[in-house]
Structures are given as C-alpha cells and as structure tokens.
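> Provided herewith is a single structure, encoded as structure tokens, for subsequent inquiry.
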C-alpha cells in the first residue's frame, strides 16, 4: 500500500502473512516415536533406567575455540589468507641452498603477523570464555538428600528437582510443578528469548501445585515423555505420568532457560532439557569467522600478483634452461667463467631441465617482494588504531551511564562505510522499552497534550500540522510542567482539564470516572510499598499494564491492595480519598461516541502509539455464577484443549460491552531514532526490523476446518500454499508499481517465516522483500532472526549490519557482516529521585561517583530575579553544568523552580545546605 498523506496502510495480503497455532492432539499421539523419544525420571536419580540415559550436561560453551583446537583452528583461519600460504612455502624453502637470502628475513615477519593475529583472536575468545564461566557457575537450589542445597548450574542433571527464587534466571528448561501462589501460577519474563517485554503466565497442574514447600517432595516421583531437543520456542509436546495417571503437557507448564521469574516469590520445577539441548541453545549459532570485503579483495589481488610472480619466474626459468643447455659444446663449456665443474645442480649444463626447475624456485623467492606482506601488517595496525578511535569517540559516549563505545573486534572496521542493509531489533534498540501513558480518548473527547517523536517526525516530513493537530493536543515535549511530570516513570500525560481532580467539572465526568476505574481495576498488577520511602510501586505483566495503573493513580484512582477476591482503590474526589471496589448498576445503552473514538485511535496509531479500547459490562449475579463454574472447569482442565476452553469461556463474558474510550501508550523511541532512520534512508540504506513482539493478525477461516480434522500435513501444505500465493501477489503489485513512486512495506510473522525461509520459497521471499522500502519480521525466534540475516547477506551479496540489545539477538549479530550490540539500560537507573512536592530528596543517600550525570536535578525557592547564569555560578563549585532551565511558574510552595543537569566533581553534600538556593 502506498504511503500517502491521508492514507493508512492496510495490513492485509502481502502486508500480513499469518499462520496459526497447530493442533497438538495428533502430536501427543507420537510420543515414544522418532522425534518424541525423550524420557525423564523426575527426582529419581537412582533409577536403573535413568542411569542408562546419557543426556548432555548443563555446561554450555559459546566460545569459538577450545584449549585443544585453538592452535590448529586458528592456524587454519590465518592460512585462509593466500599471502600467508605463500610466505609459509617460501619460509620452508628458504632453509635450502636455493634461497637467495637468509631464512630469518622471511620467517620473522610471518611469525609476527600470524602470532599477533592469533593472540588477538585468543583474547577475544577468552572474553567469551569468561562469560561462559560466569553463567555455568551461577547457583541454584537443587533437591538432593531430602533437602534443598545450592549447586552450580553446570552440575545440574536431567530429572533434578530445583527451586528458583524471584528475579532469578531458570538454569535449564524446567517442568513447572508449583509456585508460591496456591493455584500454581507464575510470571515469566522471556525477553532474552523472544524480545517480548510482557510477562508470560505459566500454570502448573492442580495435582502438583500443592507441593509448594521444601518438605513436600520426599515421596515425589514422576516420569516425563516428551519431544526431543529442538529450537521451537512456541510449542512443547509431552506427557507427565504421576500416581498412575497420564497428563498431557504443553508450553504452559514449561519454563525455558534464560527466562526470568518475575512477580512470584519462588517456583519448583524438574529439569527436562540441559545445556545445549535447551531451546535457547538450540537457537544459538556457532561464532562465525568473519572476514571483511577488503580482506577478501586483497586475496584476489594476491592471486593476481601470485600469478604474475609465477609467470615471471616460469618464463625466466625456461630461458635459463635453454641458455644453460647451450653452455655444453664439443670444445668445452661456453660460459667457462661460471666454473660449471664446481657447481651443484643449480647450474649444471648436463642437467638443464633440473637446473631450470631450481631456478624457478629461486625466482619465486627472489621476486617474492611482489607479494606485500607488509600491507597486511599495515592494515592490522590501522584497524587497531581505528578501534581505539571508536572507543574514544565522544559522539558515541553515553553520559547517563558513563559508557563509551567498545569495538570488540577490529576485523570489520572498514565494513562500516559499506553497509547496504541494516537489520535491527525493535524493543530496547529502536525503543527505550519504557512505556508511558501519554493520551486517551474518553467519551469521544481526546485528552493529553504534547507530541510524540513520531508525530514530530511526521509533521516535519509533511511540512504541515501544528503541535496540537492530533487528538486535541497542544504544546510539545518541551512543555514546562511536563518536564516535572516526566519524573514519574510510566506517566507522561498532561491535560489540565482532568488532572488534579478537575475531571469532576467535565460534562462527561461519569464516563471519565468509569474509564479510570477500569484502568485501576482490570489488570494483574501487584502493588508494593517500599519500606524506606513508603512509595507505592507496581509489578505488572507488561510495561503497558503498569503505565495504565500508574496513570489511574496519578489522576486520582489509586490501586493499593489486592487479595484473591478483592481489589481496593483510593479515589480522590475534591481532594478527599474514598474507597471504591465496584461499579454501580448501569442499564444497557447505545455507543454515541464510537466513531469519534475510532478516529482518535487511528490518529494515535499514526502517531506511533499503542492503543487499547476500554469498555465495561454489568453482569447479573446469577449469570456470573454460571459463567464462573464454566471458567473454573476450563481452567482446571488437563487436556490439550485447555487454552481453547478458557478462550471460549472468556468469549461468553466479554460481549455486549459498553464503550468508555481508548488509551494511548508510547513505547518511547531512543533519542534521535526518527532522524537517524531518515538519514539512513536518504543514504540508500535499507532498514529491516526483526522483533519478537507480536503482530495482530486476522484469523483465516479456511484453516479452521482443517484444524478440526487434525490433518497436520494438510494444514502445513495449506499454509505453505497460502504464503506462496501472497508472496506472488506481492511480487505482482511491486511490478505494477515500478513506473510510479509508490512505496511498499512488508510485514511477516514468525510462523509465516518458517515457510518463507524454505528453499523453494526463500528466493521469492527475498525478491519481494528487497524491493520493499521497509521490512518488519514480527514474532521472530532467535534462530529465525539469524536465518533472515543470512538470507539477506548471501542473497544480496552486500554488506549487512545487525543491531540488537538482548541475548535473543546474538545469532543475528553473529550472522551479519557487522554486529552492533546495544548495552541495555536495565539496572542502571538513578537511585536518587525528586518527589512530586518539589523538595530535595536526601542527597546524602545517593553516593554518586565522580563524573556521573544527574538527569533531572530539581531546585526550589529560586528568586524571581534569578537567571541561568547566576544558577550556573552556584553549581559550578560542585560540578560541570550541562544545562539549566528555570520555570517561571510557581510550584506547590509558591516558589519558582528549576531543572539543572550537571556532572558531579566536588562534594555533592554541600549543595544541600547552600543558602543561594
């Protein structure tokens, strides 16, 4: 679809290639057959049959070399260079009498070049080795000898029973048995696997969820039969035999290695896959040996020079042999002064052919300076110096975290200027992975002032629109008071019409109240109060959900307590807090502002915001009890259709809803991303986005009947044919648009990629993709990211650059010609905060090191006559001032206030008592 001023992209046909979850009932029937032969004896290490199984250990290695293969493998890497092979041959021959010079003159520079490069390779691989050692030596609680004790990850065995605590990573692929929650649920963060930031809900079986303390496992024994190790992150087929009964397993009960336990105090699980058998390691690729285009071109040049050298030596040896054969005549030797009677085979008129051959070898050495070994040395030195310049580049220095750029290898520096295609992760790379509530539509009225970076970029591109052109917004990110609100993580909303309790004066105040009650109630967030500061924070399944709850709190609807049966709020009405736990009864009514809400949603989507429709329904008690019975039955089901039963039950309650409005949350872009992408586009560099995030897809009814028949082969063939048909239609659209300036985008999900990357479709997929302006691959597994990168690199034969910030991006970074890893900001946030009343926090508790950036230092009681220069003089005593902004508005205490950013140099404690502030 063309990108036009007033047109929206239709995500259909070529834009949305979708496949769907396969039925697993037929797969469970294959357990015990080829591909489904794994047997795990749970908590039964002395079982004779378990002792016969030879599964991999939990030790993992991501290094390129080992102690045994380092020398032969690294030497092989060095002698991939043609020049090195030549000089090795010459060095060997130089020990013979044929050499016209000493052997050391050739051997020494060769050893220096090869030794230095091998040392560099060794150091880089040792860094990987240290990371492996750190991962393998992590500790986990393992059940041995009727109690839990700490053990190293690398010592885990298949069948071991382990306990994982909150915020810890899972050491292997585990079967979930129970958790700190009575119903056996737990929340898992899988960002390292699929890039998704939202938490996944996992659910243990009811019959094992009661095993929820350390003393519950004395008699526990079970057996698991399941699929063999594979790389599919989104499915699992197996069965659990426990107490004489067999129960089908699904991904719902599996905890994958390198995912993290969140919002749950602890879980118990059984080790199913270890080490390189785990799904994350099955998705990993071996560290490749990358060579730059210049290095490969140098090899071609060396071939030409080597051919020239051989030709010169060969021609010379022929003439030498002819002339030597003529030196012997009837009267004696023609060139008697050469004293042929005292010569060796180097000059023997009686054996001219041998003399010519030896002359040829001498010529190869004598004219060897045609092969420039010094060029390799010079290039290596230049690369090292370039790496130093990259490491010291101030434009790539991140002040907030005090982190410079780091060139992990110097082999590929020159490739940076030859990039044709960039393949980038989205979450945490293009975006900050920080959701902020910025706008909303309530009762057909748009609220929220300010513009997102996407809106600003679009307005700049179109050269039209004012700051308030979308959804009734006005102002910008530079709004004075908005800067203060930004200090609240997840909340970047500003609209005086509904803030500070002013919503009660709006015409649609009843709808506004219901809207924020829904935001404050309908979620899975858990409130936590920090003992030190008494601050209320939330742990949620996703950043979006946390942003909704925070927004409701900031606008007067504070969720503060959750139990199994009750959610409690503080509602702030006219400055007074009251408790609210349920809606009043409402009659069924029409949706008078449905069209307005849809328009607002469209505008929010164009601004790059994530939207969510908010609605509610009043349910009669009798209807609810009947539905609850069905829902609990579905939830407790152990069949493979459990998820479908739950969805069907939910569908019955989620109907006849009354529309309230919609929210708009911004996954904030990294600073300068729109401008950067625009410049890359202007330079002719193509941009592909490979992300693990989900893509909303329409359900294809054509597959539904096949799913019911459980005809796996028919389903697969139908999906393959559908992908092929859509790609061919896309190719036709691109061909028709060649004569126009229409731009196309291709969006494809992970299941569709499975088929598009098959040999018979790969060339068609690549052909369509490279003619599109941009390509987005959603829901991609780590291995798929690597395969797509490999396809682009080999298919286009042009330089590719991959960018990512998570463990799920490693394969993609390794496969690309150039890999750029982004250091994430998690765990690096400032500890000091400014409270909403505008007062100093206790700066003595900050313990800030020298040269650390304070991103938003807040000062109150600024005199009316003060200016930035005066404030700068005050702060210059303590640090290097970056910028100062004075707000000419009064804060809660009636004083002016200011924002100051600076680097600490002196003692920050002295600032607290400064009389000039």
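If you go along the chain as it appears here, the first residue is 1 and each next one adds 1.
Each Cβ is built from the backbone N, Cα and C atoms, and glycine gets one as well.
Annotation source TrEMBL lists active site, 4-aspartylphosphate intermediate at 425. If you look up TrEMBL, you'll see 425, 426, 427, 545, 610, 691, 692, 693, 779, 785, 808, 809 marked as ATP binding site. The Mg(2+) binding site annotation in TrEMBL covers 425, 427, 805, 809. Residues annotated as domain 'RRM' in TrEMBL: 855-917. Taken from TrEMBL, the feature region 'Disordered' applies to 460-479. The transmembrane segment annotation in TrEMBL covers 82-100, 301-322, 353-377.
Have a look at these and tell me how they're positioned relative to everything else.
A 10 Å cutoff on Cβ-Cβ distances gives residue 425 (active site, 4-aspartylphosphate intermediate) a total of 26 other Cβ atoms nearby, all chains included.
The list of residues near the transmembrane segment (82-100) in space but at least 6 beyond its ends in sequence, with Cβ under 8 angstroms from a Cβ of it, reads 106-107, 109-110, 113-114, 298-299, 302-303, 306, 344, 346, 358, 361-362, 364-366, 368, 371-373, 376.
With a cut-off of 8 Å between Cβ atoms, the residues of this chain six or more beyond the transmembrane segment (301-322) that come close are 81-83, 86, 352-353, 355-357, 359-360, 363-364, 367-368, 370-372.
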> Could you check which of these binding-site residues, 610, 779, 805, 809, sit within 10 Å of residue 425 (active site, 4-aspartylphosphate intermediate), going Cα to Cα?
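So the list reads 805, 809.
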> Distance check, please: Cα of residue 610 (ATP binding site) against Cα of residue 809 (Mg(2+) binding site), rounded to an integer number of angstrom.
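Between the alpha carbons of residue 610 (ATP binding site) and residue 809 (Mg(2+) binding site) there are 24 Å.
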> Using the alpha carbons only, what distance in Å do you get between residue 427 (ATP binding site) and residue 805 (Mg(2+) binding site) once rounded?
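Residue 427 (ATP binding site) and residue 805 (Mg(2+) binding site) have their Cα atoms 8 Å apart.
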> Which residue, of the binding-site residues 427, 808, has its CB surrounded by the fewest other CB atoms within 10 A?
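Per-residue Cβ counts within 10 Å for the binding-site residues 427, 808 bottom out at 427.
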> Could you tell me which of these binding-site residues, 805, 809, has the fewest other Cβ atoms within 10 Å of its Cβ?
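Lowest Cβ count within 10 Å among the binding-site residues (805, 809) is 805.
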> How big is the Cα-to-Cα gap, in Å, between residue 805 (Mg(2+) binding site) and residue 779 (ATP binding site)?
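Per the Cα atoms, residue 805 (Mg(2+) binding site) and residue 779 (ATP binding site) stand 16 Å apart.
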> Fewest neighbouring Cβ atoms within 10 Å: which of the binding-site residues 610, 779?
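Lowest Cβ count within 10 Å among the binding-site residues (610, 779) is 610.
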> If you measure residue 779 (ATP binding site) to residue 809 (Mg(2+) binding site) at Cα, how many Å is it?
13
> Tell me, what is the mean pLDDT of the domain 'RRM' (855-917)?
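Averaged over the domain 'RRM' (855-917), per-residue pLDDT gives 49.
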